[in-house]
Amino acid sequence: MSALQEIPSPISNMQTSNFAHVIFQNVAKSYLPNAPLECHYTLTQYIHPHPKDWVGIFKVGWSTPRDYFTFLWSLMPEKYVAESTCNCVLTFQGYYLPNDDGEFYQFCYVTHKGEIRGASTPFQFRASSPVDELLTMEDEGHSDMLVVTTKTGLLELKIEKTMKEKEELVKITTVLEKEVLQLREHVEGLESEFLREQKRSEQLSSEREELFNASEILRNESDEAKRKCKEMSAKIIQLEEDIMLVTQKAIAKETELDSLKDKLKKVVLEKDQLECQLKYEKDEKDLYKVHLKNTEIENTKLLTEVQTLKNLDTNKENLISHYKEELGKLQICLADKEKMNKELLQNSSNKEDIAFLKQQLRKLEDQHQASRQEVSLMSRELSEAVNKRDKTMADLHSARLDTDSVRMQLADALAQLSMRDEQQQKSNPFAKKDQGADNNRVEQELRKEVEDLKLRLQMAADHYKDKFKECQKLQKQVVKLTEQLKATENQQKERELFCATEAAAVTVMKQCTPPVSPFTSDSLPEFDIREQVREMSLEMAEKTEKYRKCKQMLAEEKARCSAYADDVAKMELKWKEQLKVNDSIKRQLIALDDQYKVQSAEKDREICDLSYSIETLRNEKAKMERFINDLEKKLEKQAGWAASNTQGLQFFNPYCDEHRLAPAIPAQQPLLQFGNPYASQETRDGADGAFNPDEVQGPPVRATSWGLEDKVVCSQPARNLSRPDGLEDPDENNAGLITKDEDDDDDDDNVNFEQTPDPTRIAMHDQSGFCFEAGYTMNKKCPLCPVSFPPNYDQGQFEAHVESHWKVCPMCNEQFPPDCDQQIFERHVQTHFDGSVLNFD
């Protein structure tokens, strides 16, 4: 027992709600032990059946699903729908059932997982006995005696009662049919009497006054409606004028769009031109790079040459100092010679030669100083050229960076322009055909401009190549001249050394030898000096010419470099200006695009609002016109009716309290025929689940409609707040139908109400809606088509037929009259997909 207590019961762990997932139906209190047993149960939506589920018979007090007595597999129901209820039946064979042991059993539904999802009320298996077939019931004579009968006898008595009730009901129906025929005959008699009776002049006069008052009210309403129509027409005209203005503005905006598109095309063409210019500038930059490399090489050569020239200048200065010393010595010698000449009284010709030699020496000194100054100037010019070269290199590097940045900006601008072009093509797919001719023309013009630019660039490249070749030739000439200068300087040095040695030798000879006659010893050195002076003058002249030529070449090279630098600066300025212009044009285009989009969106909204307002005004105008026509028709009908002193057919309402008959059978609420299977056991009579005579009832006797219904109200589905267009007034509808039946079907069994026009009914015209009067029993006719329906036709189907004539919007369920224009209806449906907001006020 302790082990059994420790094992937890599965029933305690399961939720109590799981037992209600399968409901067992019609479970009796007892069953025969050896007879087949049918088990009826319902699968709710909370359980999913499985082929391995089973239904077992358990003894009351079971603890686990294994404590079953017998079981059957629960078959899968046919045409099972998930999450829906399903009724099933299983039949247990008699030889599997327990015997009459006095124990209580119950049905349990067990899933394939071993979970119990349903349990029935307890029952027993008991053998049949004659006492079970007996029932006790009270005597019908209202005595205190109890009568014992069998079930079969009780059922036979009930069947006899139901048959008698059926016969009585048949008799009642025949009587009612006869009464209906009598009432119809009576109604026909009343109609004939009503046609004959025309003596109610007082009633007619009062009705005339009421009609006149109603006609005046209707006239006032018609005047107001006409005034409203005039106002609406004026509003429509104003709206049409506004639409014309809006269309004109839209056309102007379209022209602006076309101009903007042309500007865009021009900008794209300029962009292509700039790309071509960039390509050509790249080529020029490459050429400039090559030229810079060559100029750098030449500059290095020139620097080396300048250094050599500086060395030569130092050597020349040394030589000049040496020559000065020698000149001083020569002057001393000349002074000695002059003294000697004075002493010897030489001829005046010798004096003139000495003066000439002095002048030549002075000239040589001046030329030497001039050459030194020219060398210093050349060095300065070379330094300036080097500085300019450095500046040009820096400018070229900055220009390269600028071109790279411009290239990136152009790429971004191209991407943006391509995106805008795609967007414009998507937004305006129909504008491509119109722009084809303009595009071709613009492309031809752009091609011509590109060809012209190519020719110009080719000419500039050829010119640059020629200039580059000239620069190379000049550089070669400069190299040759520097080499010649070096050779001449070397020769001059050698000659100066030779002259210095000869002068030193002459001075030594003069110092050593005594003075002799002037024509023998002094004439030779003077002649040599003259020859040396002539040679030096010639060399100096050649050097000055070479310096002059070099100077001219350097000046030309500087001019060319400055011209190239100016060209590069101009190109950079032009490029920057073009970039600024492109940026400004892009910004303007972006601003114009945004403005145009905003304006176009606003105009579209205005157009949609105006079109919708025009449609509403037209609908209102149509409503007012129809309302005025209806009022005029009513006035004409009432005036004619009053003039002829005739009145519509009157008849009594057979459904009122005065003419209503008492019901033949009192109305009773139907009771449960088979009882509640889950009711308490106290209500059951006996232990075997037999039927209680109080619970066993015949079919509920339905009371006649004469006693149950006071008024018949047609249930009409809810409609829009606004009254549908083109729908006639139900009162007028009924009146029209009655008059038609009077004119066309005089022999039919139709009934007309007493028609008394009331101003309150006319005032409630707009609030009446679409419904039918309760007492209207004649044939139902569709107000929109000539189809008629019998009086007992289903009201829902009749309303569905009437609504089928109307056009219903699939998005907002707004109804349109049958004569509504299809384009207006489609435009209304399209407004739901355009993103525009509709107001249904």
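For all residues, glycine too, the Cβ spot is worked out from N, Cα and C.
Counting only same-chain residues at least 6 apart in sequence, those with a Cβ under 8 Å from the Cβ of HIS801 (Zn(2+) 1 binding site) are CYS782, VAL787, PHE789. Annotation source Swiss-Prot lists Zn(2+) 1 binding site at CYS782, CYS785, HIS801, HIS805.
Summarising the annotation, Swiss-Prot assigns Zn(2+) 2 binding site to CYS809, CYS812, HIS828, HIS832 and lists sequence analysis as the type of evidence. A 10 Å cutoff on Cβ-Cβ distances gives CYS812 (Zn(2+) 2 binding site) a total of 13 other Cβ atoms nearby, all chains included. DSSP gives CYS812 (Zn(2+) 2 binding site) a coil state; it is part of no helix or strand.
Annotated coiled coil per Swiss-Prot: 173-560 (among others), in sequence order.
Swiss-Prot lists 612-640 (among others) with the feature coiled coil. The predicted model assigns the coiled coil (612-640) a mean pLDDT of 79.
Feature annotation from Swiss-Prot assigns compositional bias 'Acidic residues' to 741-751.
Annotation source Swiss-Prot lists zinc finger at 779-805 (among others). Secondary structure of the zinc finger (779-805), assigned with DSSP and counted as helix (H, G, I), strand (E, B) and coil, comes to 10 helix, 4 strand, 13 coil.
Feature annotation from Swiss-Prot assigns zinc finger to 806-832 (among others).
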| task | Restricting to the same chain and to sequence separations of six or more, state which residues have a Cβ under 8 Å from that of HIS828 (Zn(2+) 2 binding site). | result | GLU615, CYS809, GLU814, PHE816
| What is the total of other Cβ atoms whose distance to the Cβ of CYS785 (Zn(2+) 1 binding site) is within 10 Å? | 12
| What is the total of other Cβ atoms whose distance to the Cβ of CYS809 (Zn(2+) 2 binding site) is within 10 Å? | 15
| message | Taking every protein chain in this structure into account, which of the binding-site residues HIS805, HIS832 has the most other Cβ atoms within 10 Å of its Cβ? | response | HIS805
| message | Can you give me the Cα-Cα distance between HIS832 (Zn(2+) 2 binding site) and HIS805 (Zn(2+) 1 binding site) in Å, rounded to a whole number? | response | 23
| said: Measuring Cα to Cα, how many Å separate CYS785 (Zn(2+) 1 binding site) from CYS812 (Zn(2+) 2 binding site)? | reply: 26
| field | Inter-residue Cα distance where the pair is HIS805 (Zn(2+) 1 binding site) and CYS812 (Zn(2+) 2 binding site), in Å | value | 18
| field | Cβ neighbour count (within 10 Å, all chains shown) around CYS782 (Zn(2+) 1 binding site) | value | 14
